[in-house]
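What follows is a set of notes on a single structure, which appears directly below.
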Amino acid sequence: MIEADRLISAGVISDEESIDRAIRPKLLAEYVGQPHVREQMEIFIQAAKQRGDALDHVLIFGPPGLGKTTLANIVANEMGVNLRTTSGPVLEKAGDLAAMLTNLEPHDVLFIDEIHRLSPVVEEILYPAMEDYQLDIMIGEGPAARSIKLDLPPFTLIGATTRAGSLTSPLRDRFGIVQRLEFYQVADLEHIVSRSAKCLGLELTPEGAHQLARRSRGTPRITNRLLRRVRDFAEVRADGAINGDVAMKALDMLNVDAEGFDFMDRKLLLAVIDKFMGGPVGLDNLAAAIGEERETIEDVLEPYLIQQGFIQRTPRGRIATNHAYKHFGITREE
């Protein structure tokens, strides 16, 4: 079982990119949720435009699926400049980054996703580029090698990461603007899914939007994915319109419950409750009990359950909370 196999995965599934681009907001006025981020970015962008400067470098971090790429696109659109996109793992050599930097136009935005995965060699190239708009290149080899400096046009680097703690201090300190994206409120997700339905030409009632939003784990990417799957159900089993009843039936069929849990979430929680009397249980024992690798539990399954208060990590192991017992209608034995 891997994260990409799950309907409620916050990661990108292979065929979603083109659809996501079509429904993605283009401007801050269309951007829903994250009010503190929206207000701050509106001020920073307006100030940069008034001065005729490039926007300061921006670091965006937070869980996957919350709109880091969307925000980078919006910044480029609001600034009226080009967006060049790449990712940390793709930039294997210093020359890969140098090629992108030397092709930038003044004030362009360079977006590096998964920036925490940059190699140290590539990261070193970024320091003078971000700070002084200069590129240090080594010419030649051995004793004859020499360094030359190339001037770069003023540009904005936007780095995105799900692991801000993995960034080195020198890189993190060079970002003048740092934005953390939080999980979305249900009301915001209702607005997002209603807008997406309109973009896709779907009939979605407010109650249908609510059912989709409340099961989306606070994540717009999951909301939009569930919308597409519920659309399929509505076209085959109903008249094509998505109301509350159709949405509930479709999501129940898809095995996504009222908390946004799928079968893997429930399997883990019930293992702690039934097999280990609510815990504490060590990670290795829990992994063996549900037939998963410990890394899958730690990196994929647990974070949302902990964030929502269904599981607690303690020095002695994992414990199911009263919230978890209540979810399954199980009375906790004292």
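Just so it is clear, glycine is given a Cβ too, placed from its N, Cα and C backbone atoms.
The annotation region 'Large ATPase domain (RuvB-L)' is assigned in Swiss-Prot to 4-184 on the grounds of sequence analysis. Marked as ATP binding site by Swiss-Prot on the basis of sequence analysis: ILE23, ARG24, GLY65, LYS68, THR69, THR70, GLU131, ASP132, TYR133, ARG174, TYR184, ARG221. The Mg(2+) binding site feature in Swiss-Prot is assigned to THR69. If you look up Swiss-Prot, you'll see 185-255 marked as region 'Small ATPAse domain (RuvB-S)', on the strength of sequence analysis. Taken from Swiss-Prot, the feature region 'Head domain (RuvB-H)' applies to 258-334. Annotation comment: Swiss-Prot describes ARG294, ARG313, ARG318 as DNA binding site.
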Comparing the Cα of TYR184 (ATP binding site) with the Cα atoms of the binding-site residues ARG294, ARG313, ARG318, the shortest distance belongs to ARG313
Among ILE23, GLY65, GLU131, TYR133, i.e. the binding-site residues, the one with its Cα nearest that of ARG313 (DNA binding site) is GLY65
Grouping DSSP H, G, I as helix and E, B as strand, the residues of the region 'Head domain (RuvB-H)' (258-334) number 42 helix, 9 strand, 26 coil
In whole Å, the longest Cα-Cα distance within the recorded ATP binders ILE23, ARG24, GLY65, LYS68, THR69, THR70, GLU131, ASP132, TYR133, ARG174, TYR184, ARG221 is 37
By Cα geometry, the one of the binding-site residues (ILE23, GLY65, TYR133) nearest ARG318 (DNA binding site) is GLY65
Same-chain shell around DNA excluding ARG294, ARG313, ARG318, C-beta within 8 angstroms of the CB centroid, reads VAL281, GLY282, LEU283, LEU286, ILE297, GLU298, GLU302, ILE311, GLY317
Long-range Cβ list for THR69 (ATP binding site), cut-off under 8 Å, min separation 6+ in sequence, same chain only, gives THR85, PHE111, ASP113, ALA160
